[in-house]
């Protein structure tokens, strides 16, 4: 991405940092916090590095066991799913940190050894432990709107060099976590589960690898959901509570587990047909953003990289679209691509597409499980096949339920929703009732979800109040005065 887009992503990440509770002034209705933010430990960087190393090592151990038993097919696929994401991760980290134009031979050598995430994690920890030992000038100013009890308070605070460097590392490892999850862990888990069923016994090394890959996929899906929220509500300070994370983990874990199990069971009964199912899913989601792009008659964004030609930009967009397609094969990506937008992400939330995805995926899983039930092998004679099929459908239904609970009660910006989950379900019930009443038309009754924990239904946009006189605040004109100076600081620091 370009420097401008990278800086915007850093601002989103920095906005999660908790400022010190010592505001110094209220100027033009904007709460100014001049003290530097308290830096949080880079837990996400460490977690992504641990998952990368654990999966790589466990896959290498399993490959050595396959080599001893002359299982060449399992060996070849395991090595492919181990090295492919590792190579792409090295290239992504080198591209994001722009190391090719810098004199850093040791870092580049470690990337060649597939140890790029390790050295990057070490650098992030060094930056964190050195931060705060000496006073440093700020390099930019972060401006966000904090939502409290339905009201927005604009805030801005200084961002130092250490916070900015850590934000760069966090954003880089978010990308690597998604790449690792859906280009490596997801196909690796599918392969090892299929090998376990075909060989009819469980290897401890294989079981360890499957557990690690499932954790990696769940974490990658979690990152996708959080990034989608931060992109859509870029002007607001996004803060997720522990219960929201628990709800998202249950949602994503059940969704991925049910989906991969359905694919594997179907592949054991109709091995060649699963290739058609997988490729049709992959090609559909790969070409969907391009078809929408051509239908809009848009032009390719020029903000991917200024030094790229049109061919280079197209190649990068194809790789990005491939990652998007791989995500949607296994779970909901939480974002929609817009190849004409400079961020490549569509900010508008399309609830109809979300409903269509989960509805279509439930039907597909039901068809796959049904076909497996009728064409299953003799291996499942000692397994209660109807119970297993029902359990998979219940697991996917529970995943959808946790998703609805998240958007209804746990979404950090749920108070900005014009309609919540309850309103949508109530609207569907009212439409069904009207059809049964012979097309009788009437206005929908208002939603009764007015409790403080529910999503507030707002017909008007959120109004910010001036803390000095409780009058409506024109935030656009006030923040626009500082825009030029702040952008110049950001560009000089970049």
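Cβ coordinates come from backbone N, Cα and C, glycine included.
In TrEMBL, annotation is done automatically, which means it is predicted and not curated.
Sequence annotations record features per position, and here TrEMBL assigns transmembrane segment to 45-67 (among others).
Sequence-distant neighbours of the transmembrane segment (73-96) (same chain, 6+ residues past either end, Cβ-Cβ under 8 Å): 6, 52, 55-56, 59-60, 62-63, 66-67, 108, 111-112, 114, 116-117, 120, 168, 171-172, 175-176, 179-180, 183-185, 187-188, 191-192, 195. What TrEMBL lists as transmembrane segment is 73-96 (among others).
The transmembrane segment feature in TrEMBL is assigned to 108-129 (among others). When Cβ-Cβ distances below 8 Å are used as the criterion, the transmembrane segment (108-129) is approached by residues 39, 41-42, 45-46, 48-49, 52-53, 56, 86-87, 89-90, 93-94, 97, 99-100, 162, 165-166, 169-170, 172-173, 176 of the same chain, each at least six residues removed from its ends.
Annotation source TrEMBL lists transmembrane segment at 207-231 (among others).
Residues or ranges marked as transmembrane segment in TrEMBL: 273-291 (among others). Long-range contacts of the transmembrane segment (273-291) within the same chain, counting only residues at least 6 positions beyond its ends with a Cβ under 8 Å from a Cβ of the stretch, are 263, 266-267, 321-322, 324-326, 328-329, 336-339, 368.
Look at TrEMBL and you will find 311-335 (among others) tagged as transmembrane segment.
Through the fold, the transmembrane segment (355-375) approaches residues 258-259, 262-263, 265-266, 268-270, 277, 328, 332, 385-386, 389, 392-393, 396-397, 400, 403 of its own chain, all at least 6 residues removed from its boundaries and within a Cβ separation under 8 Å. Annotation comment: TrEMBL describes 355-375 (among others) as transmembrane segment.
Marked as transmembrane segment by TrEMBL: 387-407 (among others). Only residues 6 or more beyond the boundaries of the transmembrane segment (387-407), in the same chain, are considered here, and those with a CB under 8 A from a CB of the stretch are 244, 247-248, 250-255, 257-259, 261-262, 265, 358, 361-362, 365-366, 369-370, 372-373, 414, 420-421, 455.
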By a Cβ-Cβ criterion of under 8 Å, what residues six or more beyond either terminus of the transmembrane segment (311-335) are in contact with it?
178-179, 182-183, 186, 217, 221, 224-225, 227-228, 231, 252, 255-256, 259-260, 278, 281-286, 289-290, 300-302, 304-305, 344-346, 354, 357-358
